């Protein structure tokens, strides 16, 4: 019942609001009609002669004279005035009040009045000026088109005058008399809507109505932002001179040193660039003999990397190329016996792209670094295997040059020199494989170097440990690997499975094996079983994983052969270096008795390591004095032709047949 009573009260309240709204609207209409009639009556003070002429004209046309119309309007005005002066409550309001009290609405007694009004405006007077044909802003003295002489001018002024805002004023004032919309262009405020835009909208025109005439265009001052205001208010501060202690603190801060190192590298690269602006691409600047010599040069020296402090008297022990930045090569260096105060192990990163003579990064360790490699799946990490048996990790993003992580010296890890270090796997599953000279293979994760994930003892006949000196994985292989040892034998092994450990033993060299390289050309998987070994017995041997005997032995060297490496793009090309300072390039499709190209490094230093650039157009070698040489390989020798693979397959078959005949 309370709910029903509440609904009834709300309905009664809404009905009362509607009645009150109707009453106000009717009162406003009556008041407007009174004022309009009063103004029309007041405006009747026209010249009597004109009024008389007008009445005669209307009578001749059969229209009621103006005097009769004014008298009828005055009678209506008197009636409405009487009704308004009584100030008795409206019948609708009484009905609403009674409805709220008694619950019933009384019928309304309404009456209809027919009022006939006739208004004929006089002839309009048009006034033009010589300057403009638009209404002057803000005043009515210079109007181009004026209608103030009309009897309706007072009515229009009252129509557009400001009124007190109500919830229903928009509909009452602007929409209930659509017949008067044409008078908009004759109002005094037609230009005021464009005036004082900076102070808000002051136009009296209804919403949606556009003004007529040309607007007044003025210059607008540019906007002032808070920052400009703040700058104006700021007082110029005096520069305080730093003391020597404060300067030293800034210089020794980590951020300042990092900035100096990075900015110095950029400036050094810019200053080291030596571009020949007189290069003649037509070829008229060089003689024909010089061009012929350059085109026929199989090997030509490109760069020599050497640092007076860190490279001097240090033998290069290993090299590796970055997979993220192909122009970067890292080299590991042995200790310098003449400088006992310097770190024993040094690793330097060189840039082959820019003509700068200093390394990109220099890292050092307390023990001599015997092997190093880039982290394949992280461009900032560098790994190193030390003479003490530790695996160390450097990061070029940190300021310090010492390792950020290292493996422990314990029986669970390596305790002998680590000559073999390589990362295998994929982006989401990769491991670091290391082998020490005591025949222990360890698998590491970069996230945890505190202990190896897996270990394997490499033993021959379960009795004697194998001293491994070199290691290589065949193409697309992460489980099987081939190894060279100090006793001259070649071993194949597996990391996992039922046959984990040493699987096969191949015929031996007459001396320790110094280097091993597998055929990793990706275009022909038929050659994935091939690998090369070098030894101090002055020979290079070609092997197949399918046969325990060598396929061929290259015996052209007259000194220790220290390293060998297959070309990454050519199926039949490999490089080798020896202790006499000679670099040899062998193309098995051309000759197997003598090298295709050979060169002796200036000074004939003992060459220790050789490596190809990823493009196969350059070969990099390191010597015993700490110098790293980059040689350009002729394109006709480095780049294979279309039939190189088929030719190499044919020559390989011939080599196998000759090997079987010798047996």
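Just so it is clear, glycine is given a Cβ too, placed from its N, Cα and C backbone atoms.
For 17-37, the entry in Swiss-Prot reads compositional bias 'Basic and acidic residues'. The annotation compositional bias 'Low complexity' is assigned in Swiss-Prot to 75-85. Under the heading region 'Disordered', Swiss-Prot lists 17-52, 75-107. According to Swiss-Prot, the repeat 'WD 1' annotation covers 311-360. Per Swiss-Prot, the feature repeat 'WD 3' maps to 413-454. Per Swiss-Prot, the feature repeat 'WD 4' maps to 463-503. Residues or ranges marked as repeat 'WD 6' in Swiss-Prot: 556-596. For 602-641, the entry in Swiss-Prot reads repeat 'WD 7'.
For the repeat 'WD 1' (311-360), the partner stretch with the most Cβ pairs below 8 Å, chosen from 413-454, 556-596, 602-641, is 602-641. The list of residues near the repeat 'WD 6' (556-596) in space but at least 6 beyond its ends in sequence, with Cβ under 8 angstroms from a Cβ of it, reads 298-299, 514-521, 523-524, 527, 532-536, 538-540, 603-612, 614-616, 619, 621, 623, 631, 633, 637-640, 644-645, 647-648, 651-652, 655. Across the residues of the repeat 'WD 3' (413-454), the predicted structure has a mean pLDDT of 89. The DSSP breakdown of the repeat 'WD 4' (463-503) into helical (H, G, I), extended (E, B) and coil residues amounts to 0 helix, 21 strand, 20 coil.
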